[in-house]
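**Q** Mind looking over this structure? Questions follow.
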Amino acid sequence: MIDDENKNLVLILLVLALFTGMAVEVSEGSTAVGVVLFLISVFLLTRINFKQLGSSGLLKKSKTYFVIGVFIVSADLYYNFKNGGELGTLDVMTLFFGASLIGTQLQNPQIERVSRFGMYISSVFVVLYLIFYSMFAFLNIDFLHKFDHYLILLPTVKLLGLAGIPLEVIATETVRVSGVEEMTVIIGGPCSGLYSMFLLIGIVFGYSRIEKMEVKKTLMMLGFCVVVAYIANLFRVIALYFAAYYYGQETMMLLHTHLGWIIFAAVAAGIMYFIELKS
């Protein structure tokens, strides 16, 4: 039993890291790498043993859900194809949500199991994305810029200043780096670490629902994970500044694309170990 639980934790960790990597790669790096990470994560989801999944009754078989899923996938693909745009992070998660809805209505138990978990991950991400990026913008709530400035940019600049690396803040989300080459670095978008937090919240929420965890324990897990993910992202941004100062823009951009989800995987390992100790 303990071995099965440990195996589940390892698999969830890997899925967590791969989903984070997929989101970052698709939006900021290589789409091909993102697709590969997505396929691997789906395969690993089939190996997770959700002990109560078979009788959870979280979503009954319904043609309505199947049709909604098909509509979501078709509409998103049509919109992007018509406008000649590339699939972004929100598009990928929207497609994943639609595909998950379709999968929950299929008779194959493996596909249904993967789809239920995927439905939680993608729906939580999409809802949080729409709140923080779309609704706040519509209501003129300047949350993202303030978050980037006060909770990401200023703390990292201060820490590097203590380490003897001078950075000049020249705008709300922009610093000037005067190292091996002069450059300006903008802290925004993925650098805020919100994408990773959204994915993490979705995975923890989905796992807690499927495993029928207590609400109090779920909230504690979510709070702990978000705090640790935030701190880890600070170190990621510090690493980017460090690379820009000592090695230049090309090295910094390479790290910008790949470093985030790799660090997140390592941090998630510690989180899962903590959860195992508390369980």
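Glycine too: its Cβ is placed from the backbone N, Cα and C atoms.
Keep in mind that TrEMBL annotations are predicted by a computer and have not been checked by a curator.
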**Q** Choose the correct range: of 88-108, 151-171, which one does TrEMBL annotate as transmembrane segment? Give that range.
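**A** That would be 151-171, the stretch labelled transmembrane segment in TrEMBL.
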**Q** Against the transmembrane segment (151-171), which of these stretches has the most C-beta pairs under 8 Å: 33-50, 62-81, 183-207, 219-247?
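**A** So the stretch in question is 219-247.
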**Q** State, in range form, which of 62-81, 117-139, 183-207, 219-247 has the highest count of Cβ pairs under 8 Å to the transmembrane segment (33-50).
**A** 117-139
**Q** Cβ under 8 Å to the transmembrane segment (62-81), counting only same-chain residues 6 or more beyond its ends: which ones?
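**A** Result: 87, 91, 94-95, 97-105.
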**Q** Cβ under 8 Å, sequence separation of at least 6 from the ends of the transmembrane segment (117-139): give me the contacting residues as numbers and ranges.
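**A** The answer is 19, 42, 45, 48, 50, 59, 89-90, 93-94, 96-97, 99-101, 103-104, 194, 198-199, 201-203, 205-207, 209-210.
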**Q** If we skip the immediate neighbours and take only residues 6+ beyond the ends of the transmembrane segment (219-247), which ones have a Cβ under 8 Å from one of its Cβ atoms?
**A** 151-152, 155-157, 159-160, 165, 167, 175, 177, 179-180, 183, 185, 187, 191-193, 196-197, 200-201, 204-205, 208, 213, 255-256, 259-260, 263-264, 267, 270-271, 274-275
